[in-house]
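Visitor: Heads up, here are the entries from Swiss-Prot:
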COMPBIAS  278-295  compositional bias 'Basic and acidic residues'
COMPBIAS  320-329  compositional bias 'Basic residues'
REGION    227-248  region 'Disordered'
REGION    262-329  region 'Disordered'
Amino acid sequence: MADKSTEVEKAIDPIIDLGNLLFIDREPLQGDAEEGLEERARKNTQLLFNNIWQLEQKRVEEAIIVTLPAATYRLPREKKLPEKKEPTKWEKYAKEKGIEKRKKDKKVFDEATKEWKPTYGYRRGNDNTKDWLIEIPDNAEDPNKDFFAERREKKKERVAKNEMQRMKNLARQMKTTVKTGPSTDKMIGVGIDAKDKSKQDVRFAVDRAKLATASAGKFQEGLKGEKANIKTGKKRKFESNEAPVSAEKERALQILQRMKSKKAKIVEEKASAVAGPLREKKEKQEKKGAKEATRQKSQIHRQQWFKNKVDSKKKGTGGAKKKGANKRK
């Protein structure tokens, strides 16, 4: 197999993010995709490595390494990237004085057993805590005291001092890493501002927050007048296609009984909207009826007055005729 060239040319410039080692090929596929995918993958990988070797290089223990630049794509992740730790008090002092850390051997020769043993840890070499005899120094203030107990106490003091220094370093780092005030981090993911969300978007967000509990919202208490969850995540359960006739008949009877027992629901807004013009029409009819009633009453009184007038005239003419007749006789 002939060696292939390391020089790669692209008709359309790809998107390269060296911080994430990301390469996006924007050229469209032509022809059979399966045949060209392998060659395209090789060229894209070669072009990515060509860009990597253009960065600043340095040699560390017979290996060449490069420092990747900052990533341009912000990928979502569970936890944020670890920040550079604040140097401890000793590290600052060593840097100022030029003290370099020496690499110690992992094994040490034990003079007592004439063997190579670990420098630190279990069964380490030259372990003075295993001595059965301690030589009393010449300048000892009290030669009769317990030197074994004194050694144990000094070790406890050293451990406590190291722990105190470790806690101080952590507190010093916390002061520099803890941010105060509003967050200045960029939002991860594509979305809209909370103020621009619709009522339905807010509702979905509330439902998702309710389910984000250890029991998946099963024991979450609801507020008074709160609506039920829109998406419960439960699958619909359908009845069997083959069911006995008695069960279907009983279900139909239950529906009829429920329809009979329920009262008609009246929507106040619709009822007031419909009843408004009807009420006005009824009031107009009542006013008109009252006027007609008074008019009819006056007509009746007028008819009665005329009737009484006619009757009185008839009575008067009849009495005069009778008197004249009597005179003639």
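Placement of Cβ uses the backbone N, Cα and C atoms for every residue, glycine included.
Show me how these features fit into the shown structure, please.
Guide: Long-range contacts of the region 'Disordered' (227-248) within the same chain: residues 203-204, 207, 210-211, 217, each at least 6 residues beyond the stretch ends and with a Cβ under 8 Å from a Cβ of the stretch.
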Visitor: According to DSSP, how is the region 'Disordered' (227-248) divided among helix, strand and coil residues?
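Guide: Secondary-structure composition of the region 'Disordered' (227-248): 4 helix, 0 strand, 18 coil.
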